[in-house]
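What TrEMBL says about this one:
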- 5-9, Gly46, Asp170, 175-180, Gly211, Lys215: ATP binding site (BINDING)
- Ala45, His50, Gly149: substrate binding site (BINDING)
- 1-233: domain 'Aspartate/glutamate/uridylate kinase' (DOMAIN)
- Lys14: site 'Transition state stabilizer' (SITE)
Amino acid sequence: MIIIKAGGSAITKKSEDFTPNMEVISNLAQEIKDAGRVSILVHGAGSYGHPIAKKYSLGKGYLDNYQLKGFSETRASVSELDSIVLKSLMQNGLTPVKIGTFSNFITSNGRIVEFHKEPLLRAIELGLLPVFTGDLVFDRARVFSILSGDQIVSYLSKLLKPSRVIFGTDVDGIYTGDPKKENVKLIDRITEDNINEIFKFAKDTGDASGGMEGKLSEIIPIFDMGIEIDVINLTKKGILSETIKGNVKGTIIKKKNI
């Protein structure tokens with residue numbers, strides 16, 4: 001089993017609100033189809049979710065009724081992106097099925113405490129491609145919270161024990177700093193010997209779902225389970241296909257003895 005996380009920064013144009021990157025989405029669908037080995041797809045919200053969430057401070061949980069308009073707008077916008085992804089997958093001959101994040105997850109202080117897993121397990125049993133997205137969910141402590149796609153991937157990895165998890169981003173992997181701002185080095189492989197190096201890139205990106213720091217905090221539990229994590233550039237055609245085949249063009253995060 002392989003779980004793929006398609007980052008919002010890759011499948012949307014984050015500089016343009018509510019704008020999909022159709023080339024990346026189409027390539028993603030085609031490469032998943034060609035590989036034939038992907039069991040679950042999780043994607044981020046990117047420019048469909050983060051601008052509204054930031055405007056209404058939704059990441060802080062419920063503060064006032066003024067946020068409810070933003071709550072509704074965010075959920076509708078994220079659903080729009082999800083539909084675009086699902087349509088592209090179907091156009092490439094796949095049989096995806098949306099597993100609603102809002103309907104199936106409950107959090108407390110932003111962390112998953114309840115998941116209705118039967119729809120997922122039945123979808124896998126039928127040979128469908130379950131698709132999740134980062135979204136707003138109800139929260140027992142904060143009334144609502146943003147549940148990131150990265151946390152969903154981490155949770156599903158614990159539940160299903162996949163052989164590999166692939167994080168598709170808009171950069172080539174994990175670096176010693178911010179590759180968009182600094183002259184930095186790509187880290188080809190991370191093991192227990194240098195796992196702390198990944199936190200050198202854990203800087204606040206302004207991402208409503210937690211940014212790079214949040215992403216890396218979700219990778220660590222997957223690593224601790226002995227599961228291989230590959231961090232690749234999803235915006236470059238063919239990289240995902242090669243990675244699924246085992247020819248990783250990015251950062252491999254894996255324990256040495258696995």
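Glycine too: its Cβ is placed from the backbone N, Cα and C atoms.
Where TrEMBL records a feature, it is marked here on the structure.
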residue	record	Cβ within 10 Å
Lys5	ATP binding site	31
Ser9	ATP binding site	22
Lys14	site 'Transition state stabilizer'	21
Ala45	substrate binding site	29
His50	substrate binding site	26
Asp170	ATP binding site	20
Thr176	ATP binding site	15
Asp178	ATP binding site	14
Lys180	ATP binding site	10
Lys215	ATP binding site	28
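Proximity to His50 (substrate binding site), defined by a C-alpha to C-alpha distance within 10 angstroms, is shown by none of the binding-site residues Lys5, Asp170, Thr176, Asp178. In this record, substrate is bound by Ala45, His50, Gly149; the longest C-alpha to C-alpha distance in that set is 13 Å. On the backbone, the CA of Lys5 (ATP binding site) and the CA of Ala45 (substrate binding site) stand 11 Å apart.
Its own atom aside, the Cβ of Gly7 (ATP binding site) has 27 Cβ atoms within 10 angstroms in the protein chains shown. Across the structure, Ala45 (substrate binding site) and Lys180 (ATP binding site) place their CA atoms 21 angstrom apart. Of the recorded residues, Asp178 (ATP binding site) and Lys14 (site 'Transition state stabilizer') place their C-alpha atoms 17 Å from one another. Within 10 Å of Gly149 (substrate binding site), counting CA to CA, the recorded positions Gly7, Lys14, Asp170, Thr176, Lys215 contribute Gly7, Lys215. In the three-state DSSP classification, Lys180 (ATP binding site) falls within coil. If you take every residue in the domain 'Aspartate/glutamate/uridylate kinase' (1-233) and average the pLDDT, you get 91.
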